[in-house]
Amino acid sequence: MSNPSLLILPGDGIGPEVMAEVRKIIDWFGARRGVTFDVSEDLVGGCAYDAHGTPLADATMAKAQEVDAVLLGAVGGPKYDNLDFSLKPERGLLRLRKEMDLYANLRPAQCFDALADFSSLKKDVVAGLDIMIVRELTSGVYFGEPRGIFEEGNERVGINTQRYTESEIDRVARSAFELAMRRNKKLCSMEKANVMESGVLWREVVTEVGKDYPEVELSHMYADAGAMQLTRWPKQFDVIVTDNLFGDLLSDLAAMLTGSLGMLPSASLGAPMENGRPKALYEPVHGSAPDIAGQGKANPIACILSFAMALRYSFDMGDDATRVEQAVEKVLADGLRTADLLGEEGRAPVSTSEMGDAIVAALDASL
Ligand code: ATP
């Protein structure tokens, strides 16, 4: 069988810095676990614009379609602020998502014990939290037509359209049920069926898909009530599935329960390829953080945990994904902190590469 293939797109700002630490983990798997990835690296975002005049070259797009998984760092930076909309670094990322048709965005909100004090919520509310939000990513109100700002009588009207087909709901619901099957078999679907027809259809289709997953306990909640419940007692949830707009809000809300942006991974999955693996793009939730780029201050954990998600969801290496997550847990429990995890504490932070080295050492110790 051929080696698992991975396209690495470090991107801009702190992207290359955090990706260098992921490279150490990949090398560790080759040296210590006998798992060799076929890794290729390319440009996306501002650096691609600098080299090719476009935020994502066609050849890079083609490569992304061929590999088992894409791992991206971050794109953007002030240098590119004045570029035409179509050339902005973020367009490279949007093109990847669109052409790979990545419709299920997985955003875990997991609270490592050592960081429970860091949350804005009480420690007992977040300690041990481990939930997953599945956001529909390619349809809904961000894409529906008609859209625009139009003249109507003597004033303007701004229009966006919430639109979901049955098949769009069906496929993201299936992704969420599959995930629930691998976790605690609990799925909560969130919409606003009380005031939106698209929500009524959403609820109907999710319920119908649920018949194929009788082991999963399915519940429904209005999205506004869901937001309240997420802050009141988030541990009542396992997997949450919701549309693009509500998912945008709820996944950010859930993520911040756990503390720093530097800790948050994500995955965007599409339809299964010929080899049965889903099309997949993994990336940290944070951006290119131009304010700290090039200073060795970035926390590499979000990107490392994104690679762990790739191990679990693209490469069927769930045990190894857990091994990486436990190594992260171990270094945090040992007290290592990058600057973003220190808050007002007087302790000295570790650098990006020191954090990566410590995680590799914890992996060594796990064997
Ligand atoms: P974007 O619009 O691309 O998401 P943004 O400016 O809204 O960008 P980030 O680039 O994620 O968001 O940065 C927000 C803040 O969080 C910045 O102060 C940044 O330094 C900090 N930050 C983001 N990622 C990390 C990280 N991995 N380690 C440390 N600090 C980080």
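Glycine residues also receive a Cβ, built from the backbone N, Cα and C atoms like all the rest.
A TrEMBL annotation is a machine prediction, not a hand-curated record.
Database features (TrEMBL):
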- 5-359: domain 'Isopropylmalate dehydrogenase-like' (DOMAIN)
- 77-90, 287-299: NAD(+) binding site (BINDING)
- R97, R107, R135, D224: substrate binding site (BINDING)
- Y142: site 'Important for catalysis' (SITE)
- K192: site 'Important for catalysis' (SITE)
- D224, D248, D252: Mg(2+) binding site (BINDING)
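Cβ neighbour counts within 10 Å, taken over all protein chains shown, single out D248 as the most crowded of the binding-site residues D224, D248.
Take the Cα of R107 (substrate binding site) and measure to each of the recorded positions Y142, K192, D252, K297: the nearest one is D252. Minimal Cβ crowding within 10 Å, among the recorded positions F85, Y142, is found at F85.
Within 8 A of the CB centroid of the Mg(2+) site residues D224, D248, D252, the other residues of that chain are A223, A227, L245, F246, G247, L249, L250, S251, L253.
Considering only the binding-site residues G77, D252, A289, A293, K297, R135 (substrate binding site) has D252 as its nearest partner by CA-CA distance. The sparsest Cβ neighbourhood within 10 Å, among the listed binding-site residues (R97, R107, R135, K297), is found at R97. Checking the binding-site residues G77, R135, A289 for a CB within less than 6 Å of any atom of ligand 1 leaves A289, listed in sequence order.
Look at the Cβ of each of the binding-site residues G77, P89 and count the other Cβ atoms within 10 Å; the largest number goes with P89. Under DSSP, F85 (NAD(+) binding site) is assigned to a helix (H, G or I) in the three-state scheme. D248 (Mg(2+) binding site) sits 26 Å from A293 (NAD(+) binding site), counting Cα to Cα. Ranking the binding-site residues D81, D252 by other CB atoms within 10 A of the CB puts D81 at the bottom.
Closest by Cα distance to D224 (substrate binding site), from the binding-site residues F85, P89, A289, K297, is A289. Between the alpha carbons (Cα) of F85 (NAD(+) binding site) and K192 (site 'Important for catalysis') lies a span of roughly 33 Å. Looking only at the recorded positions R97, Y142, K192, D252, the one with its C-alpha closest to P89 (NAD(+) binding site) is R97.
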